[in-house]
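**Q** Structure provided below as structure tokens; questions to follow.
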Amino acid sequence: MCRLRDCSVCECPENEFPKTFRESSSHSHSSDDIVCQEGKPEATVDRTIDTKAFRGWIVEDNPWTNDDETDTDEMTYVNLQLNPERYTGYTGPSARRIWDAIYTENCPKYPSGECQEKRILYKLISGLHSSISIHIAADYLIDEKTNTWGQNLSLLYDRVLKYPDRVRNLYFTFLFVLRSVTKATDYLEQADYDTGNPLEDMNTKLMMKKLLHDSKLQDACPKPFDEAKLWKGQSGPELMQQTQRQFRNISALMDCVGCEKCRLWGKLQVLGLGTALKILFSVNGQEHSGQTLQRNEVIALINLLHRLSESVKFVHDMGPSVERIFGKQISASDQISR
């Protein structure tokens, strides 16, 4: 139940439940009624969907993530275009506890002298964290009274640009996910994108082929990440299974996010990262041939690649000028304090 002022949904009193809901306690209330909404409207999930939902695809759980994707009883369809990743007002101890639990309990920052296998999970999560911070800064509620949205460049600098390793990890995560997409080219190109709308299905297939066979991308980055170099030592299989367990824990922590829209994007992108791990590495220590991805995994993977690419572009476009402005301000304040 949401108990934070800045979160979007609260639990309704029982007298507000429809009669059929009160009679059957096995079905949870979705809190879609406006009476049930609380806090900032920008944190509310818009559940408007197209008239026809996706059909078909493989039903197989991802061993890298905690969610049981084949159990659809508690799932709902959400139009991501109506729920952009941006500022929601979700701050404070609750939000910090989630990130603290992710880093301290599941992916501590190992020193540079440690093997790459031990450091990879931290770099991936740090890169994802940087991307999330960038999207919050890029689409920020500047003035709540007038509902004015814009860029918060000081937040961009304070959370990401001030730390070169966070920028490097953003690029690392982007290349990692890009490699997973290119490695799954055969599967993604032939997948059945069936939404019940033939025109949109055709456009989806064309856009996917354009992404997978982009000549400029292939020339500039023929092999974004070389996964063959990992897990080859004597302790390789053990380290992989440890990383898999830690990532499953991280995916489970996404259910603890207090803001509904933050939880939506957190779960989506962690599933996308788990899908990339599934594509690039063996499953449960066993080598596997061929890819079997389910619909939600493909959606999550492509959305994650999009989010990361937008973050990289924003840093590339805005980074130099932001660093010049805020870097000088910090240098000047340091001189004054001295």
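Residue 1 is the first one shown; counting continues down the chain.
Just so you know, glycine gets a Cβ as well, placed from its N, Cα and C.
Predicted automatically and left uncurated, TrEMBL annotations should be read as such.
Annotated disulfide bond per TrEMBL: Cys2-Cys7, Cys259-Cys262, in sequence order. The FAD binding site annotation in TrEMBL covers Arg86, Thr88, Trp99, Ser126, His129, Arg159. The annotation active site, nucleophile is assigned in TrEMBL to Cys259. Per TrEMBL, the feature active site maps to Cys262.
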**Q** Over the residue list Arg86, Thr88, Trp99, Ser126, His129, Arg159, recorded for FAD, what is the maximum interresidue Cα distance in Å?
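**A** Max Cα-Cα spread across the FAD binders: 20 Å.
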**Q** Among Arg86, Ser126, His129, these being the binding-site residues, pick the one whose CA is nearest to that of Cys262 (disulfide bond).
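**A** When the Cα distances are compared, Arg86 comes out closest.
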**Q** Do you know offhand how many angstrom separate Thr88 (FAD binding site) and Cys259 (disulfide bond) by C-alpha?
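**A** Roughly 8 Å, rounded to the nearest whole number.
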**Q** Taking the Cβ of Cys259 (disulfide bond) as centre, how many other Cβ atoms lie within 10 Å?
**A** 26
**Q** Whole-number answer please: how many Å between the C-alpha atoms of Ser126 (FAD binding site) and Cys259 (disulfide bond)?
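**A** Here the two Cα atoms are 20 Å apart.
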**Q** Calculate the distance in Å between the alpha carbons (Cα) of Cys259 (disulfide bond) and Arg86 (FAD binding site), and round it to a whole number.
**A** 12
